[in-house]
Amino acid sequence: KCAHLRLVCQAEQKPYYMSKLWWCGITLLGLGEVGNFTAYGFAPITLVAPLGCVSVIGSAFISVFFLKKTMRTADILGGALTITGIYLLVTFAPNVPQELTARQVQNYLVSWPFLVYSILEIIIFCILLYFYKRKAVKHIMVLLMMVALLASLTVIAVKAVSSMIALSVTGKMQLTYSVFYIMSVLMATSCAFQIKFLNQAMQLYEATAVVPINFVFFTISAIISGVIFYREFQSAALLSVFMFLFGCLLSSLGVIIIARNKKEKHLHIPFIDYGHIPGQKLTGKIQPDSHSSCYGTLNKEDDSVKRQT
């Protein structure tokens, strides 16, 4: 974001991929996702997925220094709630063995709870896809529900792949099993379609609406996946389950408060010089409408301006 803001203020417009700052940001994002991927191999899904709220807190506070945004009371309150939720998540997370072999993944794939869950998920996804394709329903809830359904498959596959790689590194080779490659393909495919729908939601709606809804949906789908596929709460006490879910609730509430009523900063598009357009003799400048995709359009009612032009 900072790179885009800097580029748009420069006299000579350059592509964003020519910016060193932009590449620095992409590299940091990549390293963060590598750490996230690794975490799934050493911790339960039901713990790693909700801890994604840390990025929301980080972006809210770091934007004060890099994007010169004002620290709001809502940011402090939301951050406090989210940190409290994180403490409860870490304290009452399910204590399950994290050594996940290829044979265990195979057994989980053909278990009845997962088969029933998969059938229900496919039916719901097909219904949503029908409304999306045939009825052209682009509502934010429809888009993000499809993202969440795909995300549930993604976290299952990510944990399986990450765990098998971790075991292989320690000497217990798991990469010779076909299930490793099946899960790798599932991970890549579900990720690709997940990004497609999430990107469309970001194009059609404000990030302040997409981020909290997506976080809540993603967390719910990840927890359900961990419970059904990996049976992470199988031997947990009722109090631990309650406190863990309460921590998830506090974290989600904190994210919603941080994102609520936060105004998007629109980029100020510079003047367009007619002298730089081939075939045009005009030398005047016009200011494009930043809220419209049509640059340099004039109001239909203004006939005098039309004749003048």
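Backbone N, Cα and C atoms are what each Cβ position is placed from, and that goes for glycine too.
What you see is a predicted model, and the numbers here were worked out from it, not measured in a lab.
So that you can see what the record holds, here are the features copied from TrEMBL:
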type: TRANSMEM; residues: 21-42; note: transmembrane segment
type: TRANSMEM; residues: 48-67; note: transmembrane segment
type: TRANSMEM; residues: 74-94; note: transmembrane segment
type: TRANSMEM; residues: 114-132; note: transmembrane segment
type: TRANSMEM; residues: 144-169; note: transmembrane segment
type: TRANSMEM; residues: 175-195; note: transmembrane segment
type: TRANSMEM; residues: 207-230; note: transmembrane segment
type: TRANSMEM; residues: 236-259; note: transmembrane segment
Maximum Cβ pairs under 8 Å to the transmembrane segment (21-42) - stretch from the list 114-132, 144-169, 175-195, 207-230: 144-169
The transmembrane segment (74-94) versus listed stretches 48-67, 114-132, 144-169, 207-230, 236-259: most Cβ pairs under 8 Å: 236-259
Same-chain residues at least 6 beyond the ends of the transmembrane segment (207-230) whose Cβ lies under 8 Å from its Cβ atoms: 44-46, 48-50, 52-53, 56, 96, 100, 108, 113-114, 117, 140-141, 144-145, 147-149, 151-153, 155-156, 159, 198, 201, 248, 251-252, 255-256, 258-264
For the transmembrane segment (236-259), sequence-distant contacts whose Cβ falls under 8 Å of one of its Cβ atoms, 6 or more beyond its ends: 46, 50, 53, 56-57, 60, 74-75, 77-89, 91-95, 207-209, 211-212, 215-216, 219, 223
